[in-house]
Amino acid sequence: MTQSTLLYNIGQLLTMDQYEGPVRGKDMGNLDVKENYAVLMKDGKVEKIGPSDELADTQADEKIDCQGKLVTPGLVEPHTHLVFGGSREHEMALKQQGVPYLEILKQGGGILSTVRSTRKASEEELYEKAMFHLNRMASYGITTMEAKSGYGMDKETELKQLRVAKKAGENHPLDLVSTFLGAHAITEEYKENPEALLDEMASLFDQIKEEDLAEFVDIFTETGVFTIEQSRRYLQKAKDKGFDLKMHADEIDPLGGTQLAVELGATTGDHLAVSTDEGIKQLAESDTIGVLLPGTIFYLGKGEFARARKMIEEGAAIAISTDFNPGSSVTENIQLIMSLAALKMKMTPEEIWHAVTVNAAHAINRGDEAGQIKVGRKADVVVWDATNYLYIPYHYGVNHVNTVFKAGQKLFERGDLLV
Ligand SMILES: N=CN[C@@H](CCC(=O)O)C(=O)O
Ligand SMILES: [Zn+2]
């Protein structure tokens, strides 16, 4: 294990270290870029940050000449459905024929198809699969991320998913934050009585706390899934048990999920593709972070992307995410999402870098640990095959990572052709 590594000759360094809390509104547009810098990592932590010519002679086990490259904090991914069985490539044709996402779900496909595969899969199978996807996440520069359950919707399978996420977090170098999404769809058994499904899921809250299986509780508030009233009651129960809250809100129909997330003091409201003016106003005036998922809108072939410009102009704090899952956003490539945020939501590169670092970290309660390169903090750092931060959202669809460091150790290095 390398004890100390010096990265020198950094062309542009984004430390994002001037912030105490999430970055809101217009402040998301200001990026502090340090040029010709160096970072010393020692015993897993950031030891020194300074001009390259001042630190170049510092003793270190390994010295890496960054040759003018861009260096940033490890990226933070605040919304994934990491643990699931099977896949849904057979639904692609239905999507092409124009069958809407909620219609596929109504016919017993979509999320419910993944529920069937996840119920069948063993804990070992789910674990191997989750580790595979985690490796790929890391390869794109992600060093901390969230993982939801939500493909069980029976007690046994939900607990199985949460235990898999816990074990993956313990064994994989990435830091994982777990969310209980037992309220993700209405299964056949509960078609006539969704309240009973919510009661069943809520009956797991104590055990989830006792076994430390999740920090957040989440719900899919949507037409044909859970109503605003059902969501309010369920999330209030979760809050009373000491969970922090997240919501899949205003993704397809504007039911007012954004306002409910604010009303309940949720840490995040996620999707928000069709938030109303009133929803955006309330979000901007609240501490709730908007987690926008442009990959989902792109993948579902919908025209309406979340109104990031309005949200930022009104003063909201925004993060972005892959929403990695087997149905509505099948990608681990957060860099692609950065491009979609630029092209489809008109976010500026400066805003986008805030959205994948400091704000994403606050979106999963890791603002004090992740998303910034700061002396004394865990050394989660990415060296990019680019000389400036504008380049990553600009050159889309490929992986620009040169090297990922997690707690000061090399976690991923770009492979070269063998011939
Ligand atoms: N919209 C609800 N849940 C997921 C999709 C899950 C799935 O389709 O498997 C989402 O965030 O997009
Ligand atoms: Zn989701």
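For all residues, glycine too, the Cβ spot is worked out from N, Cα and C.
According to TrEMBL, the feature domain 'Amidohydrolase-related' maps to 70-409.
According to TrEMBL, the feature Zn(2+) binding site maps to H79, H81, H248, D323. For D323 (Zn(2+) binding site), the same-chain residues lying six or more positions away in sequence with a CB closer than 8 A to its CB are H79, T80, H81, D270, H271, L293, G295, T296, S329.
Residues or ranges marked as Fe(3+) binding site by TrEMBL: H79, H81, H248, D323. H79 (Zn(2+) binding site) has a Cβ environment of 30 other Cβ atoms inside 10 Å.
Look at TrEMBL and you will find R88, Y151, H184, E251, S328 tagged as 4-imidazolone-5-propanoate binding site. Annotation note: H184 (4-imidazolone-5-propanoate binding site) sits in a coil segment as assigned by DSSP.
Here TrEMBL flags Y151, N325, G327 as N-formimidoyl-L-glutamate binding site. Under the DSSP three-state reduction, G327 (N-formimidoyl-L-glutamate binding site) is assigned to coil, being neither helix nor strand. Note: G327 (N-formimidoyl-L-glutamate binding site) has non-local neighbours R88, E91, Y101, G110, I111, S113, T114, i.e. same-chain residues 6+ apart with C-beta under 8 A of its own C-beta.
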**C-alpha spacing of N325 (N-formimidoyl-L-glutamate binding site) relative to H184 (4-imidazolone-5-propanoate binding site), in angstrom** = 13
**Message:** Quiz question: given the binding-site residues R88, H184, H248, which has the greatest number of C-beta atoms lying within 10 angstroms of its own C-beta?
**Reply:** H248
**Message:** Show me the subset of Y151, N325, S328 whose Cα is within 10 Å of H248 (Zn(2+) binding site); these are the binding-site residues I mean.
**Reply:** none
**Complete:** Integer Å value for the Cα distance linking Y151 (4-imidazolone-5-propanoate binding site) with N325 (N-formimidoyl-L-glutamate binding site) is 11
**Prompt:** Same-chain residues six or more away whose CB lies under 8 A from the CB of E251 (4-imidazolone-5-propanoate binding site)?
**Reply:** F220, E222, G257, H271, L272, A273, V274, T296
